[in-house]
Ligand SMILES: Nc1ncnc2c1ncn2[C@@H]1O[C@H](COP(=O)(O)OP(=O)(O)OP(=O)(O)O)[C@@H](O)[C@H]1O
Ligand SMILES: Nc1ncnc2c1ncn2[C@@H]1O[C@H](COP(=O)(O)OP(=O)(O)OP(=O)(O)O)[C@@H](O)[C@H]1O
Ligand SMILES: [Mg+2]
Ligand SMILES: [Mg+2]
């Protein structure tokens, strides 16, 4: 029986935990199988949860979030017969699969679309807590935007410094309005539950927004330019269905791990040129012609 | 003059209150379509049913003892320290800096060093609000709230930009050297020849917390300084008349309070995570307020209340882990326990008092 | 003694009494505060109630006012039975009460305090303007002058009391209860109060007056009742009794109403104060150059209306001048200078120099009300080496010491563990006095030693003060009670407006002369009736 | 910084301060009556949740707001019973209420909507329709289609353009100020601002206000005047509940469109700080909350202050409002004296 452990944000975080949950659910619906899922209360439970699951014989055990990395490094060797998969972090153990996404690539595509949809030449990025992972989104987005509009401007905000930063739609909305008043007409929200407020404010003010992680186009049909989807659901689904292959699994653009979502809700917003530009960039990134810089490699972003 | 025997006040009242809180919790569980009996047995079993459960219960309790004592000491000086959260976070920074920068060969050296770091940083974070209150009259409640936010921001910055190992995704410090890892109670049990609490985070800090309870008790009820703290807390004009310096007492009480909150870090940061992570305190500073108030601002009460909250945390964690009951239910149960044992205790005490008075009258 | 009957005695008259209480009982937990009380108060009279601290006087009156509910008994107002469930009922029945501890809102104006609970309609403005008019009338009728727009906390206690009386009169009270009204008043204020009460009686109003001062009972009441340990032990016509008899009824033994002491034999100077000035935080000069000398073995009494700098003088000498104030001048104890500001100026340091201090307000300064008696005995001396070693305190040592003091000072109940709050005022004061006197200080500062204390305790405290003097110690006694000053002091200094108006010897002065000095008039230099200065007689 | 930027920042400050102001006034009523209230946060959260839930179920924001008031009132009643009737510790009661709201909202939300404690977004769209339609159907079944149609109000508070806003825009400074900052907010913002003079008037010009202030300073004075301390305190606590209700409703149905768990994000505590800062006075509350709103708006606007030599990190700008608050408190505001009987249960006899 497979198992899934969510990070502290919880199953319904409007972000990658929720996406993971969707993947597991899809697997359960399709196969009729059952799985265990755990939500933690505190840091100390990470290890507890992993060990207890391993001891009850769950296999594979999938967990979301970089914060598990350290603990998994300790726990995995004790359960050599159990396979683990960790999302968003590399853990080098013989029974661990590390699934990482190239968020910068997906964000790059979103950046191109934002640049082409923007009339003012100014777009915004709003992140949750100021942590490296979110800078990865920010940097990819900025690169894509600058590639399409070299003299454009990206406004950057982070919501806060406490976990409340992920659940503050009011502040998100206010930050969006602040960016709008500075001329932004497309805003990319990478802030969990806070993003709901950002998308809302953008819709209210009649500008476009970009969703994140799961496809959020439906939240405000015709007002969300696109969503940078990170297919955590696929990763979980795949792990549940096909088992876990130890090693690092990079889910990049080529592997359809990340992408921009285009569906009925935003079709009208995507012009043919935009579609063409995105397709072209996608092909070039896949082919290696465009190398999108990953913030994590040197803690720096080539564009401002 | 006492209306009922002491044992009734100390034991009967809280127990009945607890039962009431549990009854209402059961009702809430029923209302969301789950089984109260399953929930209760899961909680009790998971928290108290095995040495494993106890290991976690005591681990959480250790955190709450420190923050509870912190709130308590300040409270005796009539200072309401809401800043335990920030002070404990800063204590974590102190621990991390000590352990990452000093080459400490053994935990027995590392523990006192880390304790000094934790207490110093926690105390330093309480110093400014204390000084502002004593000298400038800015209200300690506001400043400590503000300092919680400021601590979060500072730690955010320090972890992401200064302490994070290069290339790591995780905004956390590197692991502390192996030699500085604190002995877990399970290891100590093994050394004594039996198995207890395998793989639980409870560690030697628990004993430090217990010793802290005793020391705080000595401080408050047996020392001259404690006498001054309590006297100042009860009446500032009287303190002046007696030659007690308000500025000195305010600052000292807050330094001790902040130091105690900071000390929590030897448990969660040094003992459990063995590195400093973002938001390591996880609200224990706020739980400390409830623990101190429910413990009637006495170390023994703090100890018992911390155990109760440790139980709720661990039992609740088990609920979230192994049943489909949402984890938020635990918060509701905690709230009800705080409400009934802490704020509605007179609802139980008043009828009890009447009963005992009537019994005594009949006896006399 | 014909009209007096022991134990629930009654005075029979035909007309319905203003108030009649029958069989009132009230217990607080296990304490029986009132037991089967009978009391009858005739209309248009002033009825006194006396009794030791804790005898149950305040409780009885609170029951009459609907503040407490009696456990048993019946209340008749104007001859008709009335269930007084709350104060509202009492007010409607025409009962007004001035509590021992005033029930005023400190940061409200006089006017606001007066209309509180008796407003006309939902808006304040009409009530306020009506009250202003009524107040003006009352002020004229009864000489009850207070500025209606002054904030209560800025008023002297005497004026605060006027506000309480006005509150009752504004509610058209026919029966006015005053609980220890003169405890905090100066003699002049007390006289003024009595004139008002007489005026009210002349109007046909009924007054119940609780006091510890037999002089006042004799002076103004028509009838008097005595309470002891929760019971009413006697009710008599004032004209038919004497202070000695009342005192004996109250305490259950004979009481010496006058201090017995031998003439002082002053030794070397202990306290020398020169040019002491103090400007408070608000910039007001409170002390304007004080010079004082006290020798070993003498009591210097400082008389004066409260608020003329006595508090500041005691606080500065005690080592804790008001925050933000500036103090200049010089003071020496046994020849060693006392620092008047900075680090050396604190109360602990003063105690080490041999100063003792009985503060003016035992409940705010002298005691920690929630501390047990034994802790309060150590309060202020908690650093003393005999109370422990190093940073820790030795509870047993302190308790042994406290038990001794409590026994020697006859504190009742003689319990070390009872919180200060649960002692009566007199016994609280005894704890403070015991603590300070038994330290054998070279100089003892005393502020209002017997305020609100019953006569038994007053006798006791006075005796101890004189004993300390006879042991060769210097004593600075500040009191607003002229009787106390006159009977205890070896020399009397009168303070007015931050200055010493003059010094007199108790044998060579009169209360009249002191009263003039207290009002800022020096009879020696005051213009005589025809405007010429009297000749100086050195 | 040009005028436009200033206006935008002020506009943002007004929105950000509104929930703080309402909560601050709530605390003012309660604490002026002598009942400490650290449960502002919880009451706001509960109100935000109930408002969003009912608005989502009925599609009517007014019903939502009513529910918000009710939700907060319920918790206020708990606080009253604990701290007035049973003379419990007011701080503990407040802590408990915060926990209770934080847990109950998610628990109930998950039970009702299955969205993990979130309510559906209150913008017309698929998510909302699935919630509202059954309610309308039920309503037209019981009362006929007319009422159902009448209930098709918006699920969210809209922005109100004040009269002449556009006409006056041309007038220098005043015009844009009126059009940008004063006009164009939801009704609750205006309600909040009107609450300030209203509160002042109630507190200082009415019988109720006089007694309320008295009961917070010296309850015995009120009791001996024959007025019920209990009734007064309950009234104050209830008003506090209603104001928290408005604050919560504003958060969930005015500022944003729906409830998200923990969405109050510490605003109740900031309101408490503002209350102390304001020294428990209505106009002070306006000033203090405006300051907090303004500081946050400024920090939002300048997330990465580039000082040439160094770029101030975003964490610092996020903490700036708190740092400035400490500095201002230390420098400019003297000792704040709380209502004297605050935090003490009133006990006549022990
Ligand atoms: N609120 C109370 N709670 C409990 N016991 C009380 C209370 N008030 C009074 N008592 C008890 O009732 C007794 C009578 O008190 P009361 O205040 O009536 O005395 P009193 O005669 O007014 O004394 P005093 O002269 O000091 O004013 C006290 O000894 C005390 O034990
Ligand atoms: N909480 C209490 N428990 C027990 N007894 C009390 C309590 N409060 C007051 N008393 C008793 O009530 C009596 C009168 O107290 P009260 O506070 O009315 O006046 P006081 O300050 O003692 O007297 P005074 O002003 O006359 O010196 C005292 O004898 C005291 O023992
Ligand atoms: Mg009395
Ligand atoms: Mg008394």
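The backbone N, Cα and C atoms fix where each Cβ goes, and this holds for glycine too.
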According to TrEMBL, which stretch among D:42-59, D:60-77 corresponds to the feature transmembrane segment? D:42-59
Looking at D:91-113, D:114-136, which one is transmembrane segment according to TrEMBL? D:91-113
With TrEMBL as the source, which of D:207-233, D:234-260 is set down as transmembrane segment? D:234-260
Which of D:12-30, D:42-59, D:187-204, D:234-260, D:280-299 has the most Cβ pairs closer than 8 Å to the transmembrane segment (D:91-113)? D:42-59
Counting only residues 6+ away from its ends, which parts of the chain sit with a Cβ under 8 Å from the transmembrane segment (D:187-204)? 14-15, 18, 21-22, 25, 28-29, 32, 65, 157, 160, 212-213, 243, 246-247, 249-250, 254, 282-283, 285-286
Same-chain residues at least 6 beyond the ends of the transmembrane segment (D:280-299) whose Cβ lies under 8 Å from its Cβ atoms: 9-10, 12-18, 20-21, 24-25, 28, 31-32, 193, 196-197, 199-200, 203, 270-271, 273-274, 317-318, 320-321, 324-325, 328, 336, 338-339
